[in-house]
Amino acid sequence: MAQLSFNAALKMNALGNKAIHDPTNCRAKSERQMMWVCSRSGRTRVKMSRGSGGPGPVVMMSSSTGTSKVVSETSSTIVDDIPRLSANYHGDLWHHNVIQTLETPFRESSTYQERADELVVKIKDMFNALGDGDISPSAYDTAWVARLATISSDGSEKPRFPQALNWVFNNQLQDGSWGIESHFSLCDRLLNTTNSVIALSVWKTGHSQVQQGAEFIAENLRLLNEEDELSPDFQIIFPALLQKAKALGINLPYDLPFIKYLSTTREARLTDVSAAADNIPANMLNALEGLEEVIDWNKIMRFQSKDGSFLSSPASTACVLMNTGDEKCFTFLNNLLDKFGGCVPCMYSIDLLERLSLVDNIEHLGIGRHFKQEIKGALDYVYRHWSERGIGWGRDSLVPDLNTTALGLRTLRMHGYNVSSDVLNNFKDENGRFFSSAGQTHVELRSVVNLFRASDLAFPDERAMDDARKFAEPYLREALATKISTNTKLFKEIEYVVEYPWHMSIPRLEARSYIDSYDDNYVWQRKTLYRMPSLSNSKCLELAKLDFNIVQSLHQEELKLLTRWWKESGMADINFTRHRVAEVYFSSATFEPEYSATRIAFTKIGCLQVLFDDMADIFATLDELKSFTEGVKRWDTSLLHEIPECMQTCFKVWFKLMEEVNNDVVKVQGRDMLAHIRKPWELYFNCYVQEREWLEAGYIPTFEEYLKTYAISVGLGPCTLQPILLMGELVKDDVVEKVHYPSNMFELVSLSWRLTNDTKTYQAEKARGQQASGIACYMKDNPGATEEDAIKHICRVVDRALKEASFEYFKPSNDIPMGCKSFIFNLRLCVQIFYKFIDGYGIANEEIKDYIRKVYIDPIQV
């Protein structure tokens, strides 16, 4: 709907002079900067025009007498002896001349495409090479393995895994610590370094390394109390390491007040564990090696995975082997040492986490379309190991974790796999809080991010998803407000997902944001920091940048074509309408090169619909609108002689476009589809006539009547049918109504458009006399309801509609081409983002301009 009504008010007596002088009733100044006032008796039409340069004259024209009276200092334009409105819209931010000057080397040079093709092959090879997971070494875990002893032939103890001890000996950093050199985290360095010093001291070797390591620990222990928050795992494990170091005679400042506090806190938690004779709390299992004093080593064996590990942790597994001699633990560790060349990672296997994370990473970067088969293979693998209990990092993980499960739920559902959100209930405590709230380390924060993202895909009445949203959203907002982590990449991701949740996230905008914040040297954190080479990958980033720029160059060519068409057709000279070619193009939310014809058709039709919207609301009389509608119904240009010339021109441009696009549709579909194409246009213009009749009669419809009419006049029907028929897939006649009007998904997306629009435009429309909005109709149906009540109700309706639309979209339907479904479904995105704060179509604001610049104008530096 246009945001400017035909009249500023229906009752001149009710408004009086206030309509002219009250700034509340002249709110159009900032959006349309014009107003009409009609009186019942004399049908007096008042045009008030305010130019951008300040107040100007207002001309009052009486249609009954033909006389005019200047009531302020401006002039009026009369067309065919009928006063017409000529709206002073916000200027077009992307003028024809601006678009035509765009240049890029990525369209003309084949070098970029050739390099992109090479990278696609390399990344496919990476997919094909996926095994149990590629992950960086962990000094902390390797030191645990190095501490293990065996009995030599002379009865003395010796290292059971000397290769692990050698690795520790050879991998100290220059500052005396152990860890990932490029990333410093105090807790990570202290765990790695303390355990490495212990391992060397146990075997009385590396005296120089021990001395340097002890000095590093002593210097940094004093900083520990300055950390914002210590993870629960650290609070259990680190005091235990200090006890071991003290027993070995390693010289450290054990009497520091904060160290004593940590030890006291640990003792209290150990008392709780001792009281739970048959169970170790789930949130403490990850710190198993810090619980040696209280573990029943017979009972703990029930937590052993099929691969012999405990929670896929080499450190925990080494601790159990040290205390039990279990052969399966030995085999697990021995195999890891062979695989990683004398060291071990912080967890293994990670085959499920790696596959899910790689798919998620590829799709975030906007390059998923190049790897459809590889993605399917990876997700088929994950789905084979999916469980109602959830999943862990690897297929043999005995205890599921929230991060992998939430990521799996989202990714699998996104790709049409049947997964229930009830799996999330396994990660809530008795108070309904998810396990992730136990601590605020990076990995736990990451799990809440994926919990939030999973809840984006909620279906109606999914309690688990609603609970996840209620937990995750405030958690993440608080994390942003308090800055509990210095992880820049993660925080940028949190900012994006909170600001632009899935129903508002335009694919190209998401890709641009992810590329701009991508870190190919990124680390994750469990007990210690770790890298996953398949994710911290420069090849993926390089391809994403090249692909974005190559696709952007195509989009620029399309925009040039479209702005040129708009100008040459004469539509750019129409002064009663908004000129929003770039914004309408952005609204398609479809970026793939193969859908070029779809985008072009959608944009041309959409631009004309904006014009028709403004024509109906601003320019045309009711009789003229009826004549125009009759021409549409009869598909006949000969009925236009009674309407103004500019309206005739608009009709002819539209009619010519319909013929051209229909010819293109015939080529793709192999048959004439005009009968299908005409129907939504007839419905569309019939609704305009109905709305005008209600307005002229001063009638406010019921909420139900309103939706039946206004959800159609929002215009998705006409602007989507021909584009989806140009997507290259055959759409049978009986399938058209399954994907288009009146399908459930189509109506739900239209409903979300209509009502989301209303929440940001109703006040300005009300001030200008356009009484029928969703808010007003709801208040009419519910006497006593306030505007706030109505908005809350509408937001609930929109939320429900989006959930139902998601259900319809993901529901299996083999006869409906997926590209067509996606095109319709993705149109929900633009209305959510365009009306996030204001009327993004009516007001050409900088935020929308910035979106378009990022996606279509500014290339990414390669």
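Cβ coordinates are placed from backbone N, Cα and C, and glycine is handled just like the others.
Swiss-Prot lists ASP613, ASP617 with the feature Mg(2+) 2 binding site, giving similarity to another entry as the kind of evidence.
In the three-state DSSP scheme, ASP613 (Mg(2+) 2 binding site) is classed as helix. Among the features that Swiss-Prot reports, Mg(2+) 1 binding site is placed at ASP613, ASP617, with the record citing similarity to another entry.
Annotation source Swiss-Prot lists motif 'DDXXD motif' at 613-617.
Summarising the annotation, Swiss-Prot assigns Mg(2+) 3 binding site to ASN757, THR761, GLU765. Cβ contacts within 10 Å of ASN757 (Mg(2+) 3 binding site), excluding its own Cβ and spanning all protein chains shown: 24.
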**Item:** Number of other Cβ atoms within 10 Å of the Cβ of ASP617 (Mg(2+) 2 binding site) across all protein chains
**Value:** 28
**Fill in**
Cα of THR761 (Mg(2+) 3 binding site) to Cα of ASP613 (Mg(2+) 2 binding site), in Å and rounded, measures 15
**Request:** Can you check how the pLDDT averages out over the motif 'DDXXD motif' (613-617)?
**Result:** 90
**Fill in**
Counting every protein chain shown, other Cβ atoms within 10 Å of the Cβ of ASP613 (Mg(2+) 2 binding site) number 22
**Item:** Inter-residue Cα distance where the pair is ASN757 (Mg(2+) 3 binding site) and ASP613 (Mg(2+) 2 binding site), in Å
**Value:** 14
**Request:** Sort GLU765 (Mg(2+) 3 binding site) into helix, strand or coil using the DSSP assignment.
**Result:** helix
**Request:** Calculate the distance in Å between the alpha carbons (Cα) of ASP617 (Mg(2+) 2 binding site) and ASN757 (Mg(2+) 3 binding site), and round it to a whole number.
**Result:** 16
